[in-house]
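Following: one structure in C-alpha cells, then a few remarks.
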C-alpha cells in the first residue's frame, strides 16, 4: 500500500504548477458559452457555468463539461484544487454512453465513491469518433466539509484537473468503477465571477434539450420533391395524438406531409401574428389589435389555459423572449419596447422604449430577433415605403434594411432607428419579415420581393410578374460584426422563371433589373449586390422561418401568400433541406440555380386555388413559426383565420431528455476505510502496446512499454513514464 499511495501522491505533485486560466468559450455544438480551461498537451477541456449570485448567495450547483480525444480513458477534476478532502468528479464514455461519478480521497490513494453531489448527464454528451464529452449538472456541489470547504461565490478559486490518456476504468459500464491512476494532472485558478451568468437557466434548458453527441453520417434531409409523390412511407407513430381537447375544428381543410399530424390548438384569436415560446414552454402570441396573450401547454403541446400578458393595441407583429427568460421585446410599426417578464406567472412589467422612428404606411410590421449567441444584441427590420422605394439605395434612408442594437448600450428613453446605435446588418432588403439564427449565431432573413414586375425589351414593357421575381433568403452574417450587406433593392431582383427573359439568357438566381439600361443594369447588380442563398416561388410572401432542432437540419418557412398572382400560390408551410458546417453555419443542400425544386410541402390548404390575398383569404395563411424545445411540435399562426396549429412529428421528439444516473448512496470514506480499488501497479492495462500519451514505464509498472510510431517513452519521475511525440 505504501507504493500505491506514494505513486498517487507524486502524480499529484504537478498540482502545484498552475497551467493558465479559463477563458470564455463558445461551444458551437450547443450554442452555449462556458468558462473553459484548455490543456494543450492532452487536447482536453474543462468547462464551467455558474448561476448568478443574488444578495451574496448563489444556488449550490453548476454546469460542467469534460471534453477530450475519443481515445482518452477518463477525465476528472477536483472542485477544491487538491486531491485530498475535496469532491472529485470523474467522467468517461463507455462505447457511446457517457458516465460520471463523484469521488472522495482522504489520502493520496485511489478515491472512493462520494454520495454528496447529485449528478445529471445533459445533452450533447457522448462521442462522435473524434472527441468524447460529458456535459453534466452538479447539484449540492459548491459547499462541503474539509479541504477548501467549497467554491466561493465571487473571487478566485483553485480547481484541479486529472486525465488518463488511454485506459478506461476497470468496469467502464459502472459509474462507480475503480480507476487507473491519471497520466496527467495539474491545477489552475480562475475568477468564479467570470463564470457566473444570468443566462444559467437558459443554458441549462439548451443543454437539457440538446441531442446526444454521436458519430456516423448525419440524418438525411427530406426529399426535395413534394412528399405527395416521392416521400418515403411515414415512420410508425410513437404517439396517438389526433387533436387537442377543447380546441375548435380547423376552419379550412388542410393536408400535412407524411410522418406528421396537424390540429388547431387555438381558434377565435384576433389576427395572430408573431409567436414564440418562453423558457417554461408557454406559448406567446401577438394578436394584432389586442396585445400579447400567453397560453400554457400540456405534455401533448395542447393549450390548457390562456391569459392576456400585455394589453396593447399598438403591438402588431414582432415578439421575442430573451434567452434568460426574463425579458421580452415587442414592437408596433413605429416603436420597439422591452418588458421585464416572469415566465412562471406570464406577467410583463416595466415597459421601456428601445427604438423609435420606424413608421411607414406601406410595410408596417417589424420583426424582433434577440441573438442567442449574443443575448445583448437584437435585430429589427423596417420594410420599404412603397413597391419601389428609390431612397433605400442609401443606408441612411432607414428603410428596406435590418439593424442590430445593443440593449446594454441604449439610453433609458430609447434611440431613433437611424441613430448610430443601430448598426446596419443588411440593406437593399425590400421587406425581410422573417429573421432567424443558425447554430453559429449567423442571422438569416427572407425577403418579400417586388410586385408587378416587368422587363423593358426593345423599348417595350413586358409583364413578367406572374413568375418573377423570386422570394429569397440571405445570410447576413454575424450580428456582433455587422457588414451592411447590400441585397440589391430597389434595382436588383432575382430570376425565378428564365423563359420570361427574351433579351438575354438567364437561369434561376441571376440578377435582373426592370430596365436593363442606364446606371442600374444586370451587370451593375452582379458587381454590387450580394446574392441570396436560397430562392422560393414568387408572390408566396414568406413571413417567418425557423431551423429544425437536433438532427433536423432543414429550414421551415411560413408562406403567407400574396394578392399579386393568379393562380395564387403560397398559403402553406414548406421545408428546405440544408446542412451545417463544422462551425454551425447553415446553407441549403441545393445550389442557388436549383432552388426551384429544392423544397417540399409540409402543411398546405386542401385547395390552394381558392385562396385569396384579400379579406378572409378563403384559407389559412401561415404567419409565425416556433418549435417546441424537444423538436416534436411546430406551432403555426394563421392571422386571417384566427388560429394557431400544432404540427406534430409522429416519430416523437428528436431532442432527447438528459440521461440521469440513479443516486449514489455509498457513504463518504472515513480515514480508516481501505481503498476500494487495487492500485495500477498490480493491474496491467489490457493493451499489448501503448498509445500516444499513455503510461509506458515506471517503478512497479507491468503494463505495455512499447510506444506507437513517431513517439518515445519519456520518464516524468521514478514512478511514471509516458509515450510522447518524438
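Residue numbers in this text run from 1 along the chain shown.
Positions of Cβ are set from backbone N, Cα and C atoms, glycine also.
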Suppose you had to name the range Swiss-Prot annotates as region 'Disordered'; which of 628-658, 659-689 would you pick?
659-689
Since Swiss-Prot lists 273, 430, 431, 539, 560, 563, 564, 621 for pyrroloquinoline quinone, which candidate among 322, 363, 369 does it give for that site as well?
363
Correct range for region 'Disordered' (source Swiss-Prot, candidates 211-242, 275-306, 371-402):
211-242
Indicate whether residue 449 (Ca(2+) binding site) is helix, strand or coil by DSSP.
coil
Identify, in sequence order, the residues in the chain of residue 430 (pyrroloquinoline quinone binding site) that are 6 or more apart from it along the sequence and have a CB within less than 8 Å of its CB; answer 'none' if there are none.
383, 384, 389, 400, 447, 448, 449, 450, 487, 489, 490
Would you find the one among the recorded positions 140, 449, 551 whose Cβ has the most company, meaning other Cβ atoms within 10 Å?
449
Given the recorded positions 108, 138, 181, 492, 525, state which is nearest to residue 563 (pyrroloquinoline quinone binding site) when distance is taken between Cα atoms.
492
Rounded to a whole angstrom, what is the C-alpha distance between residue 302 (disulfide bond) and residue 621 (pyrroloquinoline quinone binding site)?
21
How big is the Cα-to-Cα gap, in Å, between residue 181 (heme b binding site) and residue 492 (disulfide bond)?
66
I'd like the number of other C-beta atoms within 10 A of the C-beta of residue 302 (disulfide bond), please.
21
When you rank 83, 182, 273, 539 by Cα distance to residue 492 (disulfide bond), which of the binding-site residues ends up on top as the closest?
539
